[in-house]
């Protein structure tokens, strides 16, 4: 225990030093600029390397980033299950089966996976008043110990999509229609690749950015803290997190997700420091010649408004690595290969939404081979397609990142 107390002091001291801002770049920042000289540090990473002093207000508050709210979307879980699952297909109540590579469901493809009443080709898909989530599979209320029953109230999970196949008694409405909250305004969720072209208009709502309480820890500190499910009780004590809290549930889910074995055809890893994140992406892509692609979005979010596509810059390559921040007191990223895909950097300009137009750039991934996806995946129902059909596209929200190798861009 004495060792963990010393680590806690080191964590708090490191965060306090980092909070001094631009006085001196961190070791991780120097590392990034040395190995990725042509890739600017994403704004989210700068925030995580230089967290606010208000984040370090005691052990309990320091763990406050473990259970974040308002993450309604998930674009990486394609398997089916009758039980709530974690990112790697783990049943939160116990293991229930082996997930397939990339999270796809390798079971026999059923008939009628396309959902004939969905939107026509070329149209974006709309859902009701919410932001984006790429890695939460059971909603924020579930992490806090609340009910995640379909149709129940869920103030923190505006869309309430569960990206598993619906159980036999759930019907299709809950898995194909968003649960409305707030104003009932609409925002784009999935869209066809045809929408990624100059002149198209897509409605988006961007929620305010959230970060882990301590941000990126110095690598030496992160490597000193056990990152295993077996060590979770000691880590909870280290950060002053009670075992029966939402924070503990979020941390437990993150650890179980990261510890799930790598499957054939899949490359995945979890990174607890910026250096480990970069090195992991290099290993997954098989080269040190990589570049980071991140959306440029306002930290404070932006109200729902129509965005006109002004430029589309294709990114060379057919496979990428996507990384999503996880629930933990300090920054942890879960990364995975995307499978066959095309990527774009899409420049858009908002019409104002009452607050004046704002230019944004969104990293966009279009999955080009969905033949192994679960036929009940909600994107098929919303887009009116089926496994093996037209590409399924989505953007990467603030703080998420796509890695590519030998990146070159040209205006489309």
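The backbone N, Cα and C atoms fix where each Cβ goes, glycine too.
The signal peptide annotation in Swiss-Prot covers 1-23.
According to Swiss-Prot, the feature domain 'BURP' maps to 190-406, an assignment based on sequence analysis.
According to Swiss-Prot, the feature N-linked glycosylation site maps to 369, an assignment based on sequence analysis. Under DSSP, residue 369 (N-linked glycosylation site) is assigned to coil, being neither helix nor strand in the three-state scheme. There are 15 other CB atoms within 10 A of the CB of residue 369 (N-linked glycosylation site), with all protein chains counted.
As a whole-number mean, the pLDDT of the domain 'BURP' (190-406) in this prediction is 91.
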